[in-house]
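Heads up: the structure comes next, in structure tokens.
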Amino acid sequence: MPRYGYCERIGDDLWAEPWNALTNGAFLLAAVMALLLWRRAGGRDGRALALIALVFAIGIGSFLFHTMPGRWTLAADVVPIQMFAFSYFALALGRFLGLRPMLAGLGTLAFLVFALSLSWGIAPLLPASMRGSAGYAAFLFGLIGMALALWRRSGATETARILGLAAFIFALSLAFRSIDGAICPAVPLGTHWLWHLLNAAVLYLLLRAAIRCGPRTGSNATSPAA
């Protein structure tokens, strides 16, 4: 396992991880593209706007962590990701599956417990260089489960396709994140930067699905926004 946690970083310099740092621009690009979609959809979807803001925060927080690694920058990196993941899950339960707010909240709480249990259960079984990826496994299962749940619902096929594509890309990105340390001797640049690029695509797709469906306004929670 690399001494500094990521294959690319071999010292304490600010720009010791140029690829890992600069590829965070992909998150900012994803947020800008989603913001344009949001404005074209009417610009009144507050929950989607909050998720877009979190994607901006993900890009900035990750950039700070990969240039100035430390406790506070680690928090700036991790907290927005977790906030986005669980906020999106709650939105998906209500907007895509049509659950009432209380049920969506309880479902999200159950998913949080599942995510923590899965992470704590998997991490000890993995090599040290791959344990950081264990916390993301539940998000992959959540995406797959949501896509499958929507596949046969009337009017939700396109949303299911978007989430299914997002799940596929996320699985690929998680693989690149996981092998960063293992392939370090052969590939000094590592693969963590590919996690950034692919994850930015995942977040854009998720925002697109949320904006496309729009706020729940009645019995059809999966109808595209005008």
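Cβ atoms here come from the backbone N, Cα and C positions, even for glycine.
TrEMBL entries are annotated by machine, without manual review.
Feature list (source: TrEMBL):
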- Glu17: Ca(2+) binding site (BINDING)
- 19-37: transmembrane segment (TRANSMEM)
- 49-66: transmembrane segment (TRANSMEM)
- His66, His192, His196: Zn(2+) binding site (BINDING)
- 72-91: transmembrane segment (TRANSMEM)
- 103-122: transmembrane segment (TRANSMEM)
- 134-151: transmembrane segment (TRANSMEM)
- 163-187: transmembrane segment (TRANSMEM)
- 193-211: transmembrane segment (TRANSMEM)
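Overlay of TrEMBL annotations on the structure.
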residue: Glu17; record: Ca(2+) binding site; contacts (Cβ under 8 Å, 6+ apart): Tyr6, Glu8, Arg9, His66, Thr67
residue: His192; record: Zn(2+) binding site; contacts (Cβ under 8 Å, 6+ apart): Tyr6, Cys7, Glu8, Asn20, Phe176, Arg177, Asp180
residue: His196; record: Zn(2+) binding site; contacts (Cβ under 8 Å, 6+ apart): Asn20, Thr23, Asn24, Ala26, Phe27, Ser62
### Query
Can you name the far-off residues of the same chain, 6+ from the ends of the transmembrane segment (134-151), with a Cβ under 8 Å from a Cβ of it?
85, 89, 92, 96-97, 111, 114-115, 118-119, 122-123, 126, 157, 159-161, 163-164, 166-167, 170-171, 174, 177, 222
### Message
On the three-state reduction of DSSP, what should I expect for His66 (Zn(2+) binding site)?
### Response
helix
### Query
Taking residues 6+ outside the transmembrane segment (49-66), which of them lie with a CB under 8 Å of any CB in it?
6, 9, 17, 20-21, 24-28, 30-31, 34-35, 38, 73-74, 76-81, 83-84, 87-88, 91, 196, 200, 203, 206-207, 210
#### Entry: Collapsed DSSP category at Glu17 (Ca(2+) binding site)
coil
### Message
According to DSSP, collapsed to three classes, what secondary structure does His192 (Zn(2+) binding site) have?
### Response
helix
#### Entry: Sequence-remote partners of the transmembrane segment (163-187) [C-beta within less than 8 Å, at least six residues beyond its ends]
1-2, 6-7, 127-130, 132-133, 136-137, 139-140, 143-144, 146-147, 150-151, 194-195, 197-199, 201-202, 205-206, 209
#### Entry: Other C-beta atoms that fall within 10 angstroms of the C-beta of His66 (Zn(2+) binding site)
27
### Summary
Around the recorded Zn(2+) site (His66, His192, His196), other residues with Cβ within 8 Å of the Cβ centre, ordered by sequence, are Tyr6, Glu8, Glu17, Trp19, Asn20, Ala21, Thr23, Asn24, Ser62, Trp193, Trp195
